[in-house]
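Colleague: The following block contains the structure, expressed as structure tokens.
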Amino acid sequence: MKKYNLFIVVVILILIPFLYSNFFLGALKDPYQNVEQLPVAVVKGDNKIPIEESLLRKKLFKAKFENIEKANSDLNSGKVYGIVSFDNNFMEKIASEKETPNIVLTTNESLNSFAAKILTSEMTQYVTKVNEVLSKELIPKFNAKKVPVPDKISSLINLKHQEVNPVKNNAEAMAPYFFSLTLFIGCIFISQFVMKSFPKKEEEYFHYWKKEFIYALILALAQVFVLLVTNNVWLKLRIDYVPEFIIFTVIVSATFCSIIVGLNKLIPGIGSFLVLLLTMLQTSSSGGTYPIQLSNPFFQGINKLIPMTYTNDGFRKLMSIGSTAIQDDVAVLVIYFVISQVLILLSFHIHHKNKATKLVKI
């Protein structure tokens, strides 16, 4: 049996690079191929604008027609990644030589900086092509009428980009994801290397729980303290709501610690592999880098089941989006915490209580 377990461990170790690279790269093999799945609000103009219909036909993104109030609300909450709107009297301005109409693209870098870059790139290319088509159509008409071709003929339409929550740099954009990931990995190290120094079986659950979870939690909270101090002193990343951020970070760390301890103690040996597997799934399915809509269907399907989906969202809101609406994120993390605490309780009854009683009798 021991040889069989050793064989399983060796196989798992050999497969780790394969699994990790395939999960992560498979999730984001070609994000630009799925841009049409990226939800974007389109605010209809006062009058019928042919370019609106052209946007739908081109399928540059997943368009949702909304009024400006609903569009702004959805952009702040993360239901859409951008807003496309048009100047008033858009078509009249195209016909005028004095004014250049704007297609306005509004993005939210704090929500996802890569989504903002992708949408800006797609819309820039689209507007360039539209201007080329319009120029080819209008130049012969001007020549036929023997009218001078306007100077602005190559740029009849202008793309105006607005950013509602700009991020200062890539570190600020990636901070929610890396804060989540490092807190999870920190708890893995605590569970794997530090907590194995308690081999004694416990007869009472409270002593077992204190030894296996509370001690680990104290170390995890020490990690949180160091993370917060180094950010304040060295990284100086933007945090809009500091008290709420500190509380949320503690909740995240406690939840991760509970999950890792629960899996490791309930299924010794295999639990470590499950924790590793969860780490791989979280890095590829939590939407920490590219929007999850750009991933393949499998990773989109498990996105809502991944704890880091909610930690990423909460950190984004508190750090740079400027929102404290993290109730849903906290609620999900509390559910994970409770479930993992049940796993710790089960691990005591399965692996410790009976064995400890036998040792006492002997």
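Using the three backbone atoms N, Cα and C, a Cβ is placed for every residue, glycine included.
Unlike curated records, TrEMBL annotations are generated automatically.
As listed in TrEMBL for this protein:
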- 6-344: domain 'ABC-2 type transporter transmembrane' (DOMAIN)
- 7-28: transmembrane segment (TRANSMEM)
- 174-194: transmembrane segment (TRANSMEM)
- 214-235: transmembrane segment (TRANSMEM)
- 241-263: transmembrane segment (TRANSMEM)
- 270-290: transmembrane segment (TRANSMEM)
- 330-348: transmembrane segment (TRANSMEM)
Colleague: Between the stretches 7-28, 174-194, 270-290, which one has more Cβ pairs under 8 Å with the transmembrane segment (214-235) than any other?
Modeller: 174-194
Colleague: If we call contact 3 or more Cβ pairs under 8 Å (sequence gap 6 or more), are the transmembrane segment (174-194) and the transmembrane segment (270-290) touching?
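Modeller: By the criterion, they touch.
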Colleague: Which sequence-distant residues neighbour the transmembrane segment (7-28)? Criterion: at least 6 residues beyond either end, Cβ under 8 Å.
Modeller: 269, 273, 276-277, 280-281, 283-285, 289-290, 294-296, 299
Colleague: Apart from its near flanks, which chain residues at least 6 from the ends of the transmembrane segment (330-348) lie with a Cβ under 8 angstroms of it?
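Modeller: For the transmembrane segment (330-348), the sequence-distant neighbours (Cβ-Cβ under 8 Å, at least 6 residues beyond its ends) are 202, 205, 208-209, 212-213, 248, 251-252, 254-255, 258-259, 261-263, 265-266, 307, 310-311, 314.
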Colleague: Let me spell it out: take the transmembrane segment (241-263), skip the flanking residues so only those 6+ beyond its ends count, and list any with a Cβ under 8 Å from a Cβ in it.
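Modeller: Contacts of the transmembrane segment (241-263) (Cβ under 8 Å, skipping residues fewer than 6 from its ends): 179-180, 183-184, 186-188, 190-191, 195, 212-213, 216-217, 220-221, 223-224, 227-228, 271-272, 274-275, 278, 307, 311, 314-315, 318-319, 324, 326, 329-330, 333-334, 336-337, 339-344, 347.
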